[in-house]
Amino acid sequence: MIDFVWLVPLFPLIGFLIIGLGRNILPKAVAGFIGSLTVLLSFAVSIAIFVQLESSAVKTHIVPLFDWIRAGNLLVPFSFQVDPLSALMLLIVTGIGFLIHVYSTGYMHHDAGFSKFFSYLNLFIFFMLLLVLGSNYIVMFIGWEGVGLCSYLLIGFWYTNSAYASAAKKAFIMNRIGDLGFLIGVFLIFATFGSLEFAQVFPQAANLAPNNPFLILITILLFIGATGKSAQIPLFTWLPDAMAGPTPVSALIHAATMVTAGIYMIARSNILFTLAPLTLEIVAIIGIATALLAATIAVTQTDIKKVLAYSTVSQLGYMFLALGVGAYTGAMFHVLTHAFFKALLFLGAGSVIHAMSNEQDMRAMGGLKKKLPITFITMLIGTIAISGIPPFSGFFSKDEILAHTYQHSKTLWVLGVIGAMFTAFYMFRMLFLTFYNKFRGTHEQEHHLHESPKSMTIPLIVLAALSVVGGFIGIPHILGGHHWLSQFLAPVFYQSSVRTGALTLDHQTEFLLMGVSVAGAVIAALIAFVKYSKNNHVPLADNVDRGTLARLSYHKYYIDEIYDFAISKPLNFLSGFFYRVVDKAAIDGVVQGLGRATTEASKGLRLLQSGNIGFYIFMMVAGIVALLLYGFYNI
Amino acid sequence: MSLLSLLIFLPLAAGLLILVLPYAWQQRYKYVALAAVGIQVIMSAFIYLNFDGNAFSGIDAKSKYQLVEQVSWINLQLGRLGSLQIDYFLGIDGLSMPFLVLSSVVMFIAVLSSWEIKTNLKGYFALLMLLNTAIMGVFCALDFFLFYIFYELMLLPLYFLIGMWGGARREYAAIKFFLYTLFGSVFMLLVIIGLYFSVQDPITGNHTFNMLHMMNPDNYIPGSIFSALAEQQIFGIPARLLGFIVLFIAFAIKVPIVPLHTWLPDAHVEAPTPVSIILAGILLKIGGYGILRICMSIFPDAAIDSAWWLGLIGVVSIIYGALNALAQNDLKRMIAYSSVSHMGFVLLGIASITAEGISGAMLQMISHGFLSTMLFFLVGVIYNRVHSRYIHDFRGLALIMPKYTTFIMIAFFASLGLPGFSAFIAEAFSLIGAFTSESVNGLLPRWMAICGSIGILLSAAYLLWTLQRMFFGKTRLMGGEDWKSKLTDVNGREIFVLTSLTVFALLLGILPSLAFDKMNASVLELIRLVNLK
């Protein structure tokens, strides 16, 4: 089956073409069916590939398709690489992708752009699969840019709203800033190693000594790319705005798959990063800083999707922290569990928004527990999972990250635990504000409240089940497991793990660390319970004065405003200056000036043609004299 | 008459036919023109398919060219000066063949978009066909004198096409265009004469205009002005360097480079849509083609010495053009500045003198030829309907012109270098060439490639901003309901043009080997030639 891996991206591509070209002809049901079916087929092939790979002794398969570009020394084949890392990503992308397609058939049912939506979703899946399957940086970059395009199209899906269109543009451009880093990093890889194939670059890199300046530069550039796509400081502000897109998009692209591309890329290039400890340190610091910054913003947000968006930024920060401390498996583990529970939470939020007639402000919700029982139960599971409370999936992945962090640096670990407490707090805050106490919306909204259709609740239930059991693939040894995931991924991270070594904490410390983080999460959840459920606290209205800290957090530390002031305004000024002053006045001024000077000069010369014969004769004699003089002195 | 001559003179014949046809048939002139360019498209497709890109590398050896025609054209005995030898010498290699395909396709589309021209059709189509002949001639000519004739011949029809069928300030734009280009080519003539007196035909011993002879240092008469060994100087500058600079400026005006670009926005804004299409789609490429075919091949030593400056000019053009595009309110002017920016990649790639860079530059020219054609055609669509091009006159067009919006999004995303479209491969290769130059031949520092890539970012900024302002949001038009009824979605003819251009951009983006395989040998040969020095 591995040789047929090209089928995986092919199905969604066909789906995109059929739905895209037939979007005005196909009935909604057909478009939704085709869209979901293609992803289901890809999922089936992915499972077959996974099974085959699991039993196969060879863990890395290169599947060449064709020689794509040949120019000069650069040969770029279009080929796919199937190994445990890409096989895992295939399952996440197609599996969760399929569930979200099914969910969308219900969620988008009344939308006029239904078929367009499905064509974009299929296209997204196609590019995402290219990204994870590419056997070289160019194919990966194609997927990388392609998912950016789909993200743009889907954020701006309801383009008649100018704010949404603007959010889409912001997302694309901030991603492009990161992509620039990626692209230059790729150039440097080519200049250093003479190839862009993973199979050629990594073995060469493994022979280099650590802290090679080129490796540090390459990894920093790649990491800049990752900060764009995976929404890290300083390029994270696009992700909360990206919530303008329909909620299934937020779940699929802006939580479960695309935003983890940066983590995937670094995990893929792990040997380069392992040999550049300086970069890893930067990655860890940026990761934890983003995790904390986003968490402190999430605690005051009132839009249910914004809370989840900042939560995503924060969780992505944890994944980068994991990469930074060398816990590549931990990072991928968290990618996986996060895909389950964050997709679940977003879809749950979508179900709430659907029921609330498109209301997203939690101040107008409350008491939805009874009306939306399935949504409530599943979201509760998601909340427990993300908070890191055992035995749900988030606990295992977060624990693994924190344990590795502790071994790397105690300070980072303390910060990590604080972040985890924030996570539990804002998530339970969201849960209580939405589902507990009395309903705070209008009568009309109350009247319309309903549980979502089956097409939406079934994906919720499946994801909830995965959020419960998903962590069991990585039970650590001290809890009696044998961490299947780590063994599965071991071949991919082999070169790195040889250099970094395994976790060396003794059992007592490990249990202690677990206990601290779980206790912290439970305490934070209790605080949220007391404040938002027991005391029935509702966040203040927008115009009411908050305390300084709360205001900073509520207004996202004014980072958007700072960027606007520091980047957009100067750029606009610069472009205006270049056009009006340099181009129009200076350059074109000179050009016009030359023309005018010629005209003026000939106007002057024209006066010599006075028609006065005496003057002509005088000039003639003067000329002859001048010539004679010239002749005397030169010969 | 062989294929290339046929390709060159077929439009001239069509032009003459149009001139003799009675005025009563003036609605049919366009079909005559369309038939001529249609046949050209078929011929160039035939040439493309039969072109052997591996065995025939071209550049400096006649035997490596394909479809060669060489006829002695002017052979005057000038007594003491020897004999004047000008050949009718045509041939194509990997550097010129892609442009024949590009030119014929762009010309075809230009004729299709000439449906909008309503006045003085006889003159218009006759001039258009004359221009067509000149363009094809430029890409086929291998005799410098013949090249120069075709090169100057382009000016005449263009001057009138802009000056008579253009917008409000058409005369200003036409004169500006004319003087700018003439400024470059007059000095070029001096260099041509200098070369003529420096080069000898190795067989007849006559002075010659044969470009291929000019590329071989053995053919230079010892002590002549452009002889590499003589190291002559003019005004204290090495003669060969000066010759290179003069030729470079002549072609650079066409490209155009900053700061010799200000004719371009004016010419584009005032020109009617088909002429804008030809300007952006073909004429700018003649600049890049000239630099490769003539500047670099004849003066390779000077090309290496000036590579750093060429690269710098390329980078400045990329960023400067993009920043200016960001400041525009006029859609057509914005696209004109974006052309300046995109053509900067061509220069940067050429300056790197690496296989990746030059292949990238070639592909960028072809890609930009299709994409700028598409963009100007798209501007023409709304301009024809409501006679406005101002970005802030429109808003929310996506609601009333969904198909049009789809095409403009394709064109914009292709232009901003989205993978899957030709511009991505082209720009990436130009940049890779510039980036690796430091380790391959040490000509360009790496910061040039890095600064150049900022242009990709800026292009996303100005294109997406335009998209947001004109197409998204609620529909609000300057001309109100009247405009709303006039702004009908694209019709069949327009869909045909836009779809075919999309296909070209996609094909070259997905299968760039369609172009690379045909030109690879020539590019490598050119680099070999340059590195010999």
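Residue 1 is the first one shown; counting continues down the chain.
Just so you know, glycine gets a Cβ as well, placed from its N, Cα and C.
Feature annotations, reproduced from TrEMBL:
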TRANSMEM  A:6-22  transmembrane segment
TRANSMEM  A:29-51  transmembrane segment
DOMAIN    A:68-118  domain 'NADH-Ubiquinone oxidoreductase (complex I) chain 5 N-terminal'
TRANSMEM  A:85-105  transmembrane segment
TRANSMEM  A:117-135  transmembrane segment
DOMAIN    A:136-423  domain 'NADH:quinone oxidoreductase/Mrp antiporter transmembrane'
TRANSMEM  A:180-202  transmembrane segment
TRANSMEM  A:249-267  transmembrane segment
TRANSMEM  A:273-295  transmembrane segment
TRANSMEM  A:307-329  transmembrane segment
TRANSMEM  A:374-392  transmembrane segment
TRANSMEM  A:412-436  transmembrane segment
TRANSMEM  A:511-530  transmembrane segment
TRANSMEM  A:613-633  transmembrane segment
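Long-range contacts of the transmembrane segment (A:412-436) within its own chain (CB-CB distance under 8 A, at least 6 residues past either end) are made by residues 284, 288, 291-292, 295-296, 298-299, 301, 304, 307-308, 310-311, 314-315, 317-318, 321, 325, 352, 362-363, 365-369, 372, 376, 379-380, 383, 386-389, 398, 401-402, 405-406, 513, 516-517, 520-525, 527-529, 531-533, 538-539.
The average pLDDT the prediction assigns to the domain 'NADH-Ubiquinone oxidoreductase (complex I) chain 5 N-terminal' (A:68-118) is 90. Counting only same-chain residues 6+ beyond the ends of the transmembrane segment (A:273-295), those with a CB under 8 A from a CB of the stretch are 205-206, 208-212, 215-216, 218-220, 223, 227, 231-233, 236, 266, 310-311, 313-326, 405, 408-409, 412, 415-416, 418-419, 422-423, 426, 495-496, 499-500, 557.
Long-range neighbours of the transmembrane segment (A:374-392) within the same chain, counting only residues 6 or more positions beyond its ends whose Cβ lies under 8 Å from a Cβ of the stretch, are 311, 315, 337-338, 340-342, 344-345, 348-349, 351-352, 355, 368, 398-399, 420, 423-424, 427-428, 430-431, 434-435, 451-452, 457, 460-461, 463-464, 467-468, 470-472, 517-518, 521-522, 524-525.
Distant neighbours of the transmembrane segment (A:511-530): 387-390, 395, 398-399, 402-403, 406, 413, 417-418, 420-429, 432, 478, 505; these residues of the same chain sit at least 6 beyond its ends, with a Cβ under 8 Å from one of its Cβ atoms.
By number of Cβ pairs under 8 Å, the transmembrane segment (A:117-135) is matched best by A:29-51 from the list A:29-51, A:180-202, A:307-329, A:613-633. Of the Cβ pairs linking the transmembrane segment (A:249-267) with the transmembrane segment (A:85-105) and spaced 6 or more residues apart, 3 or more are under 8 Å, so the two regions touch. Counting same-chain residues at least six beyond the ends of the transmembrane segment (A:180-202), those with a Cβ under 8 angstroms from any Cβ of the stretch are 60, 62, 73-74, 76-77, 81, 135-138, 141, 144, 214, 217-228, 265, 268-269, 271-272, 495. Through the fold, the transmembrane segment (A:307-329) approaches residues 226, 230-232, 236, 239-240, 242-243, 250, 254-255, 259-260, 262-263, 266-267, 270, 273-274, 280-295, 297-298, 301, 335, 338, 342, 345-346, 349, 362, 386, 398, 400-401, 404-405, 407-409, 412, 416, 419, 422-423, 426-427, 429-430, 474, 485-486, 489, 492-493, 496, 500 of its own chain, all at least 6 residues removed from its boundaries and within a Cβ separation under 8 Å.
Assigned with DSSP, the residues of the domain 'NADH-Ubiquinone oxidoreductase (complex I) chain 5 N-terminal' (A:68-118) fall into helix, strand and coil as follows: 29 helix, 13 strand, 9 coil.
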